[in-house]
Each structure stands twice: as C-alpha cells, then as structure tokens.
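These notes are about the structure you will find just below.
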Amino acid sequence: MKVRFERWITQHGRNYKDKEEWEVRFGIYQANLKFIECKNSQNNSYNLIDNKFADLTNEEFMSTYLGFGTRLPTHTGIGSYKHGDLPESMDWRKEGAVTEIKDQGNCGSCWAFSAVAAVEGINKIKSGKLVSLSEQELIDCDVENGNQGCEGGLMDTAFKFIKRNGGLATAKEYPYEGVDGTCNKEKAGHHAVNISGYERVPSNNEAMLKAAVANQPVSVAIDAGGYEFQLYSEGVFSGRCGKHLNHGVTVVGYGEENIGDKYWIVKNSWGLDWGESGYVRMKRDTVDDAGICGIAMQASYPLKN
C-alpha cells in the first residue's frame with residue numbers, strides 16, 4: 001500500500017512538509033481507497049478512482065474546492081424556452097460552443113467558471129466565435145454585490161456584473177491566477193464579449209432545464225460535497241448527494257447511454273485529471289423534482305442579442 005501511495009504522490013506532484021504529514025495523508029488515502037474499492041464493487045452506473053483529491057478528507061475537499069454562494073429564492077417563472085419537440089440528445093462540445101476544461105485550483109471560484117462557460121457558449125451560438133473569457137476578472141472586479149472571489153459567489157450575480165460592466169475581457173488579456181486580486185481596470189476595460197441579460201430556469205423542473213440546455217449551455221448549482229463526487233472517475237453519476245448547493249458548474253448537453261439511463265453532460269472546473277477528462281455525466285430525470293444533487297434547483301443562462 002505504501003508503494004502505491006508513493007506512486008500516487010509522484011503522479012500528483014505532492015510535497016509533504018515532514019514525515020508526520022506523510023503519515024496523516026497516507027491514513028486518509030488508505031481510508032479513501034477502501035471507500036473507492038467498496039463502491040466500485042457494487043455494480044453502480046459510475047466508478048470512483050484515487051484521483052488528485054484522494055489524500056484529502058471530505059471536509060478539506062469541501063472547504064477548498066466548493067464555492068457557490070447563498071441559495072436564491074425558488075424561481076417560479078415560465079422561462080423563455082418551451083419543452084416541446086426537443087432533440088433526444090445535445091452536446092454543445094460537438095457544436096464548438098465549449099472551451100477547454102479549466103482548473104480553478106485552490107480557490108472557491110467555481111461560480112466564475114460556471115458563469116463564464118455559459119457566456120462563452122451563448123457567444124459562440126450568436127456570433128460564431130468561440131472566445132475563452134476571463135474568470136479572474138470576475139474574481140477581482142465583481143465584488144460589490146455579494147460575490148467574494150475565492151470565497152464563493154453566484155452565477156446570477158456574475159451575469160449582472162458582466163452586463164453592467166459592458167462585457168468581459170478574454171482569458172489571455174486577463175489571465176487566471178487563482179487568488180483574490182485587485183481589479184485591474186485597464187485589463188477589465190477590454191470588453192471582448194458582452195451579454196444583454198440573463199434568465200433563470202424555473203426551479204425543480206428538469207423538463208425546463210432540458211429545454212434550456214437544448215438551446216445553450218446553462219449554469220447550474222449542485223451539491224458536490226459527497227465523497228463519491230470528490231472521487232468520481234467515469235460513468236453516469238447517481239451517487240449519494242443532498243441539495244445543499246455548494247458548487248457551480250455548467251450543463252453543456254444531455255443524452256442517454258442505455259434505455260432509461262439518461263444523463264446531463266456537466267462541465268466542471270477541476271482540471272482534465274478529474275472525472276471524464278474534466279466532465280461528469282449526471283443522472284437525468286430522477287424521481288426528485290430537484291434533480292440529482294439539486295441540479296434543477298437553481299439554473300440560469302445568459303442572454304445575448
């Protein structure tokens with residue numbers, strides 16, 4: 001087991017400060033590996049793996065990598081998109097409307113990545129151009145209406161900022177640093193892409209969420225706090241999770257693997273070395289109106305004329 005852990009350390013570039021910390025991390029790794037082996041023996045629709053989060057307790061993982069802010073009131077509006085005759089599957093990656101997988105690092109900026117991915121998507125759909133935009137600008141500059149950079153925020157508030165600000169700079173112009181910084185007004189003044197507003201998908205309605213995703217990538221909040229999500233590797237995730245919304249991600253499609261095995265295609269911001277090359281497929285059309293991990297509770301999307 002120690003040999004395996006040493007290989008894992010090398011693979012993930014860990015550098016523990018002393019033998020004591022090594023022992024602590026080894027103990028956590030062992031416990032997580034036991035959990036992984038137990039879950040993978042249950043013939044679930046998904047598998048777990050000793051990924052880059054395997055030396056963290058669930059509490060450590062949650063405090064570092066989740067950063068969705070306070071839940072908004074339930075939205076009861078009708079939404080713009082109608083859930084009539086929709087395609088059976090949709091994958092905005094195949095339409096060229098999704099940028100590369102990004103990595104938020106040790107910063108609770110998931111909300112910024114979720115909002116930016118949705119804006120990148122609608123911009124491609126409307127303009128024909130896929131432009132990678134700046135999450136760091138949101139972290140540094142969107143600080144007056146409740147968003148708190150690496151300490152968390154809301155996608156809806158980010159959309160409001162982008163419209164009010166006149167747009168966002170590109171990721172190249174205002175690159176990601178993964179720490180709270182001072183707003184660079186010169187960089188932020190180069191507006192590459194703007195939006196005209198945003199709309200919220202009616203809460204607890206997967207049919208309406210599907211209608212929205214059929215038309216564009218959509219920002220959603222989920223409960224990503226469980227061990228199974230932390231250590232997810234592949235497959236259609238149907239593991240245990242609650243409705244304590246704590247992580248912002250972007251739904252970029254939906255599909256069906258086997259008859260009745262429907263899923264959402266979700267873009268995460270934990271790098272290529274998590275999940276299915278940075279993505280997770282999550283069970284769709286669950287018994288619970290809120291959807292798996294609360295995915296249908298607080299969805300929204302930007303508008304662009």
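Here, residue 1 is simply the first one shown, and the rest follow in order.
For all residues, glycine too, the Cβ spot is worked out from N, Cα and C.
Some features that TrEMBL has for this protein:
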type	residues	note
DOMAIN	5-61	domain 'Cathepsin propeptide inhibitor'
DOMAIN	86-303	domain 'Peptidase C1A papain C-terminal'
- Message: Please compute the mean pLDDT of the model over the domain 'Peptidase C1A papain C-terminal' (86-303).
- Response: 96
- Helix, strand, coil residue numbers for the domain 'Cathepsin propeptide inhibitor' (5-61) per DSSP? 34 helix, 3 strand, 20 coil
